[in-house]
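Asks: Quick paste from Swiss-Prot:
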{"type": "BINDING", "residues": "Arg39, Arg45", "note": "NADP(+) binding site"}
{"type": "BINDING", "residues": "Arg130, Ser131, Ser132, Asn251, Ala252, Gly296, Lys311, Pro312, Ile313, Pro314, Thr315, Arg337", "note": "FMN binding site"}
Amino acid sequence: MRYLTAGESHGPRLTAIIEGIPAGLPLTAEDINEDLRRRQGGYGRGGRMKIESDQVVFTSGVRHGKTTGAPITMDVINKDHQKWLDIMSAEDIEDRLKSKRKITHPRPGHADLVGGIKYRFDDLRNSLERSSARETTMRVAVGAVAKRLLAELDMEIANHVVVFGGKEIDVPENLTVAEIKQRAAQSEVSIVNQEREQEIKDYIDQIKRDGDTIGGVVETVVGGVPVGLGSYVQWDRKLDARLAQAVVSINAFKGVEFGLGFEAGYRKGSQVMDEILWSKEDGYTRRTNNLGGFEGGMTNGQPIVVRGVMKPIPTLYKPLMSVDIETHEPYKATVERSDPTALPAAGMVMEAVVATVLAQEILEKFSSDNLEELKEAVAKHRDYTKNY
């Protein structure tokens, strides 16, 4: 399974093409749109979310509510594009029109300046348009397809925010994936501790009044994962490594950890390793899950627990200093629409990319042309694992 996305932030549409989804997977536009709505939600979101109400359109690969095995093409129309027809025109236009909304003041922390240098742009909007987090719309759409596949294999996935701008959220112990999903969905800030809800919302309001932004940490948890996804035989086949790449590829994500993560560096080995248990009912399990569901780059049957750290959104309403690329004079950075935080939305993107990598790994291990064969192969593997 592989995919590509295309489109600009203020272009006419966003597109994704997925190849490798088995035939026979039940799939509707609403399956995708539900996740797109969640990506646009969350406390503190700003103007763009009021303009766009994302709806996906299938143009190939789905017929009568089921996948056909052909490449799946999905489009999302950018409604805001009508205000940008000249600025984002694919055809050559007059110089006076080209200068409208031209960007020469790069924003610190964005791709603006480095993209301009790399691709030799005199208008940094070319960098901004593709590097914008608007692109993650289609990664969420791709992830929604992947999640439908995982659900057919009795795997479940959820995300929630565990740190908001330095404020750690207390997470009750032993929550199931379903409980995490339910609690986070009921929260405007995607946390599982309702007692902290108003405190976090007040904090976001204060950050907005200050013209500043905050980052934080998002956790994704996956249950029902088969044993043995990934491999130790080559460095690039380790599944946790593939997931790490996917997570830090998300806009503004700067770090990733599994299970205890960096805390493991402060503990003794006897306090980190997960003891192995066996029972006739459950087969092999672990007493703890400090390693986040991985051993040797492979899934061990425990829930996958992965966290990603998101830096504060770099577009500030009190902009930092920058330099004009034409005059080299100091200027305040360009201000585009921005939010004080996008952590709840980022959680949806992280959930999507994790689901996508897991779907790719499932289809690599249990290669199947249709859903029925895939389900049979996974069920057979689970029986084998339990009786090993």
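Using N, Cα and C of the backbone, Cβ positions are placed for all residues, glycine too.
The model shown is predicted, which means the values in this text are computed figures rather than measured ones.
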Asks: With every protein chain in view, what's the tally of Cβ atoms within 10 Å of the Cβ of Thr315 (FMN binding site), excluding that atom itself?
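Replies: For Thr315 (FMN binding site), the count of other Cβ atoms within 10 Å is 20.
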Asks: What is the number of other Cβ atoms found within 10 Å of the Cβ of Ile313 (FMN binding site)?
Replies: 22
Asks: If one measures from the C-alpha of Ser132 (FMN binding site) to the C-alpha of Arg45 (NADP(+) binding site), what distance in angstrom results, rounded to a whole number?
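Replies: Rounded to the nearest whole number, the Cα-Cα distance is 15 Å.
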Asks: Roughly how many angstrom lie between the C-alpha atoms of Thr315 (FMN binding site) and Arg39 (NADP(+) binding site)?
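Replies: Answer for this pair: 19 Å between alpha carbons.
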Asks: Kindly assign Arg39 (NADP(+) binding site) to one of the three DSSP-derived states: helix, strand or coil.
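Replies: Looking at the DSSP assignment, Arg39 (NADP(+) binding site) belongs to a helix.
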Asks: Roughly how many Å lie between the Cα atoms of Ala252 (FMN binding site) and Arg39 (NADP(+) binding site), rounded to a whole value?
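Replies: So the alpha carbons of Ala252 (FMN binding site) and Arg39 (NADP(+) binding site) sit roughly 15 Å from each other.
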Asks: Could you say whether, by DSSP, Arg130 (FMN binding site) belongs to a helix, a strand or a coil region?
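Replies: Its secondary structure by DSSP: helix.
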Asks: Including all protein chains displayed, how many Cβ atoms other than that of Arg45 (NADP(+) binding site) lie within 10 Å of its Cβ?
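Replies: Excluding its own Cβ, the number within 10 Å is 17.
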Asks: For Lys311 (FMN binding site) and Arg45 (NADP(+) binding site), determine the Cα separation and express it in whole Å.
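Replies: Between the Cα atoms of Lys311 (FMN binding site) and Arg45 (NADP(+) binding site), the distance comes to 16 Å.
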Asks: Find, among the binding-site residues listed as Arg39, Arg130, the one whose Cβ has the highest number of other Cβ atoms within 10 Å in the structure shown.
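Replies: Checking each of Arg39, Arg130, the winner is Arg39.
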Asks: Expressed to the nearest Å, what is the distance separating Ile313 (FMN binding site) and Arg45 (NADP(+) binding site) at their Cα atoms?
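Replies: So the Cα of Arg45 (NADP(+) binding site) lies 12 Å away from that of Ile313 (FMN binding site).
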Asks: How many other Cβ atoms are found within 10 Å of the Cβ atom of Ser132 (FMN binding site), counting all protein chains shown?
Replies: 20
